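Heads up, the thing below is written out as structure tokens.
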Amino acid sequence: MPALVVPGGQDSRTGTRTTGPPPRPDGPSRKAALERSVRRNLTAHGFLVGAVLCFGFFSWYPMVREVILAFQRTHRGRTTWAGWHNLQQIVHDPAFWQAWRNTVEYTGLALLLGFVVPFLVAVLLNEFRHGRSYLRVLVYLPVMLPPVASVLLFKYFYDPGYGLFDHILRTLHLPTSQWLQSTGTALLSVVIASTWMNMGSATLIYLAALQGIPGELYEAAELDGAGLLRRIWHVTVPQTRLILSLMLLMQIIATMQVFTEPFLLTGGAGPQGSTTTVVYLMYQYAFNFDNYGAAAALGLVLLVVLALFSAVYVRLSRDGRDQD
Amino acid sequence: MTRPRTTRRRSRALVAAVVVAGLGLTGVACSGGSGGSSGAGAAPADASSPLDPKAKVTITIDCMPPATKKPELKEWNEDVAAFHKLYPNVTVEGKSTTGQCEDPATFAAQLKGGTEPDVFYSYFTDLPQVLDAGQAADITPYVTQRTVPTLGDIAPDVLDVEKDSGRLYGLPASDYTMGILINRKLFKEAGLDPDRPPATWGQVRADAKAIAALGHGIAGYGDYSAGNNGGWHFTAEMDGLGASVVNAAGTKATFDDAQGQQILDTLHAMRWDDDSMGQTQLLKWGDLQKQMVAGKLGMFVAAPDDITYMVETLGGHYEDYGMGPMPGGKGTLLGGDAYLFKKSDTPDQIKAGIAWLDFKFLKEGQGQFDYARTKADGLPVGLPQPEFYTGATKATDDRLKAASATMPVANFAAFTAHPLPGHAEPPNAQEIYKVLDNAMSGVLTDRSANVDKLLSTAASQVDEVLANSQ
């Protein structure tokens, strides 16, 4: 029996959407259709109202206020428009460039460790035939710990006096490190702690994506004589490209907003400001210096930078769909 | 109208990008308020007269002890009841706060939103911030010898902290000056005299070395270098040497000098040459107190109420601690807490608030100075804080305090016998401290730190901070 195909509707057999616009109803019947549609979806709209209000009050309104604040200045209780003053002020703050340098460096290191390591762990887990569930729980365990507890745990590990890491190094007669207390290693130490804390979620997502790859592809690759690395490169990576690019974007957005880890591990700034990040600087402006205008201006700069990354992602994923 | 496909795509991309990227912005923006001026009425002609007993007034006030602090809460409730007998027309509504009475982040957000209580707790350094937010009421005409009988005996430098352009905005509840806090047990074990705390940086270094020689991971001296606390201590240490971190006009950094060099050189030498400061650095408030209570630290720069924290919260013992004046002995940093009045307060609320503050915090033998009651409730008496009285009121206060002391006050003799001139914190204090944190963390975490460069870099950055704030 031929499949029933309606323009702009769904192919009843394959479930895929067909091309071409649906027929447009004219005047009164269009209104009636709209009314029917509203009645039919009334409950759904009712549920939506709460979500829209929540987003409106707690996400969208603060974002609009933030943009307004970035161009305002309050002095002696009088709030006035400040033009570019706040932006000029933050750009002239020596900590601004240091915070950006640190944030970019942190993001780079976090991608190197936090993106690659979970993927490799997922590939490894996927190869195991036995004990996979047990190992999955083990990998996810750090995510279940409260973040503050995990960070404080690492603070103890890193202590150069009584910390675990230096104790192990001393036992092995290897040179010890100052970890968080050296400008050279502070940021990397923060990245290591952060990767350990967060890699569980990423690993599970990658694992789910890997398990969705048809086994026939690997079998075909094996028949063609492909080894493990070539199978990963030619089958695994292309098949998980979309999830990889999504995770990459999410990781960039998350790591560029890093705050908790350096705040708890090094007090925020670290040795000679080496772990000062953009969001920590925003926190300082707002809550230590009471300069909301500068904090909002810095937030706006961060918004623009993150928006660029997001735009690149949207473009890449669209190109990917077009190619598919 | 149907938009071209490419435009739709671009718009979708833009919207998606902005929405996704904007998620990180809500934190700062959530705290934003209008910050607009709240219009307080002008002071009435009879501002200096006491509160009209017929006027029904309700005032909210923060820093009421939480339920977990039973003795303190009991005293608060007793005082509210006694005050109500004197002023039946006034209702005092306490707002309880857990932990410190002021959390700077919450305080800043309250000011921005104008949600602070009618009479609100603040640190001495907060006045410029409160004035900037337009939230402080001018109480100058309300505060007189009639409304605050001990006014003439409050130390002028303490009262000055709550003034701006000659106008008074708050009344002090407590004050402190900084000194060097010592672990008397470790001093004795190291063969040092705990009744003679070090008075110069040379003596600090020598004593720290002797204490660190005890071994077992004991540090002789500790200092902060994170959370803007390092800059705060550096400022106090400069005060001790008779120097200042900024000039009198508050327009230029002045710490890139011999005194600044001496402090950083000494800290660097203690950390790396003598190994008398321990290996754990990037410490902030709370860390050194824990080390000292654990018996792992010989001394650090502190205020007297650090001892209260160490005993009441961390389980230390008063007899184990003592204090001396700031090394250098030429000055010290003055801090404390005060109550300010919300701009939107009515004249009656201001009068009622002043009456309450006078009753609770500013009368010898009463409220916070009822030492006999404090002792009976098992709370400490004898710390050299608050110390904002002068003249006859101070003499009375000292006598009452000594009569009810619950700790060996002789341990603080070196500190109280040499009162040093107190200096208020610099303008834009937190921003300056942030910069100075880098200098402190530099010498304490980098063996090859270049002190000259750290100081000159910090000085140029502070100059920039001060120029930006003009």
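Think of each number as a place in line: the chain as shown, counted from 1.
Keep in mind that glycine also has a Cβ here, set from the backbone N, Cα and C atoms.
Feature annotation from TrEMBL assigns domain 'ABC transmembrane type-1' to A:100-313.
Residues annotated as region 'Disordered' in TrEMBL: A:1-31.
Taken from TrEMBL, the feature transmembrane segment applies to A:42-61 (among others).
Here TrEMBL flags A:106-125 (among others) as transmembrane segment.
What TrEMBL records for A:137-158 (among others) is transmembrane segment.
What TrEMBL records for A:178-197 (among others) is transmembrane segment. Remote same-chain partners of the transmembrane segment (A:178-197), defined as residues 6 or more beyond its termini with a Cβ less than 8 Å from a stretch Cβ, comprise 102, 105-106, 109-110, 113-114, 117, 142-143, 145, 147, 150-151, 154-155, 158-160, 163, 165-166, 255, 258, 261-262, 265-266, 270-272, 274-275.
Taken from TrEMBL, the feature transmembrane segment covers A:240-259 (among others).
Per TrEMBL, the feature transmembrane segment maps to A:292-314 (among others). Listed as Cβ neighbours of the transmembrane segment (A:292-314) (distance under 8 Å, sequence separation of 6 or more from its ends, same chain) are residues 66-67, 69-74, 82, 85-87, 89-90, 93, 96, 245-246, 248-249, 252-253, 256-257, 278-279, 281-283, 285-286.
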Tertiary contacts of the transmembrane segment (A:240-259) (same chain, 6+ residues out, Cβ under 8 Å): 103, 106-107, 110-111, 114-115, 119, 190, 194, 202, 205-206, 209-210, 213, 277-280, 283, 302, 305-306, 309-310, 313, 316-317, 320
